[in-house]
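Enquirer: Copied straight from Swiss-Prot:
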BINDING   Ala10, Tyr11, Ser12, Gly13, Gly14, Leu15, Asp16, Thr17, Ser18, Ala37, Gly120  ATP binding site
BINDING   Thr122, Asn126, Asp127  L-aspartate binding site
COMPBIAS  445-457  compositional bias 'Low complexity'
COMPBIAS  458-468  compositional bias 'Basic residues'
REGION    445-468  region 'Disordered'
Amino acid sequence: MSDIKKVVLAYSGGLDTSVILKWLQDVYKCEVVTFTADLGQGEELEPARAKALKAGIKPKNIYIDDVREEFVRDFVFPMFRANTVYEGEYLLGTSIARPLIAKRLIEIVNETGADAICHGATGKGNDQVRFELGAYALKPGIKVIAPWREWDLMSREKLMAYAEKHGIEIDMKHKKGGSPYSMDANLLHISYEGRHLEDPAAEAEESMWRWTVSPEKAPNKAEYLDLEFAKGDVVAVNGKKLKAHEVLALLNELGGKHGIGRLDLVENRYVGMKSRGCYETPGGTILLRAHRAIESVTLDREVAHLKDDLMPRYASLVYNGYWWSPERKALQVLIDHTQQTVNGVVRLKLYKGNVIVVGRDSKTDSLFDSTIATFEDDAGAYDQRDAGGFIKLNALRLRIAANLAGRKAGKPVAKKAAAKPVTKAVPKAVAKPVTKAVAKAAEKPVAAKATAKPVKAPVKKPIAKKKG
């Protein structure tokens, strides 16, 4: 342990990382640099600075960075261009924040000359994988300290006891009723784990939810919302141009007011176990619905289907911590290329937990052609007779398979009606132009042909005999 002289700690000021800070000082006897990221979690971050100072951290070794714009612009928006959802439900609010934190940890290591990084992820979770894969991808030789894989403080109760023993200030409001929820928040979502949520059959308490009202208590009047997209990203809300992080903050506010974005799920962790978590993702829920709506009129069918095929793989890469991997980067290039035409406006209606698409339009890139799609007279824009051949060609393999199945089952196979012989049309002679000479000739009476005289047979003469 003595070879580590300085470590950069991902520090939130909460229970886990406050205990880790003291533990690093006691066990590793090293200099600690703290990094606290402002990801839009909605908490005052200055208390984290005060806690770090109280723990003996030098002011120059305390980093508190506002990374909200970078987070949404370079991580959340690229992920939503892919319509990313993990296992059909989870919008990856925690997962997508980890690669940015790992990136900033390595940058601070390079700035301060630190030997290692340290994180507060448990040995059971996904975050340990995400932090460390990111760190190794960006700085292959970096050392990593993961206290949960080293110490004997294996429960939140033991953490609180350690904190009390060493005079570490923590929120103790749940002390009598049990451990507090394990929560993680950023501009995209807030998550809840632990306590009675460890029973997947138990309903979450209403008092747990922080960002959204219950749909039952949401306003009785719907609210309309216009989102403008440019190359797959929202750039304006109700006609007002906004920065990326401002867009998501506003959508969180509007969605929370209407009870949008609550989620209770059991997910499959990368380490192999199932885990129950509750999430509030109001802005992300609105963003996903709107993005799919604008793509519905601006993306070619096969391109859209290809994106849908690739999305689960992309989601797994993000969830499992492979944001900085070559395969995720390659997929991103493809996805971003598809977004060049994803421009336009989507109109939504927010009502009691629902995001309802009521309109979508692109003045420059819409592939929706009403002259072809109409149920009225299309003036020949689409020849419906063409559909017959299209259907027969696409049915060919189905008919062949059905015939084969019939033969195997011993059923008579319907014979195809014999085709009628095709007669070749005799080409009509092309009429020659009538000349004056021909016309005059036509006016003269036609002379009757002379009757052919009968041909007389030749008379044979007798052959004279020779004298003896």
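Using N, Cα and C of the backbone, Cβ positions are placed for all residues, glycine too.
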Enquirer: Of these binding-site residues, Ser12, Ser18, Thr122, Asn126, which scores lowest on Cβ atoms within 10 Å?
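Expert: With the binding-site residues Ser12, Ser18, Thr122, Asn126, fewest surrounding Cβ atoms within 10 Å: Thr122.
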Enquirer: Look at the binding-site residues Gly14, Gly120 and tell me which residue has the greatest number of other C-beta atoms within 10 angstroms of its C-beta.
Expert: Gly120
Enquirer: Which residues in the same chain, at least 6 apart in sequence, have a Cβ under 8 Å from the Cβ of Asp127 (L-aspartate binding site)?
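Expert: The list for Asp127 (L-aspartate binding site) reads Thr94, Arg98, His119, Ala121, given in order along the sequence.
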Enquirer: Would you list the other residues of this chain near L-aspartate - those whose C-beta lies within 8 angstroms of the C-beta centroid of Thr122, Asn126, Asp127 - in sequence order?
Expert: Ala121, Lys124, Gly125, Gln128, Val129, Arg130, Arg269
Enquirer: What same-chain residues, at least 6 away in sequence, bring their CB to under 8 Å of the CB of Ala10 (ATP binding site)?
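Expert: Those within reach of Ala10 (ATP binding site), by Cβ under 8 Å and sequence separation of 6 or more, are Thr17, Phe35, Ala37, Ile101, Leu105, Ile117, Cys118, His119, Gly120, Phe131.
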Enquirer: Could you state the whole-number distance in Å separating the C-alpha atoms of Asp16 (ATP binding site) and Asn126 (L-aspartate binding site)?
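Expert: Answer for this pair: 16 Å between alpha carbons.
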Enquirer: Among all protein chains shown, how many Cβ atoms are found within 10 Å of the Cβ of Asp16 (ATP binding site), not counting that one?
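Expert: The answer is 21 other Cβ atoms.
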Enquirer: DSSP three-state call for Thr122 (L-aspartate binding site): helix, strand or coil?
Expert: coil
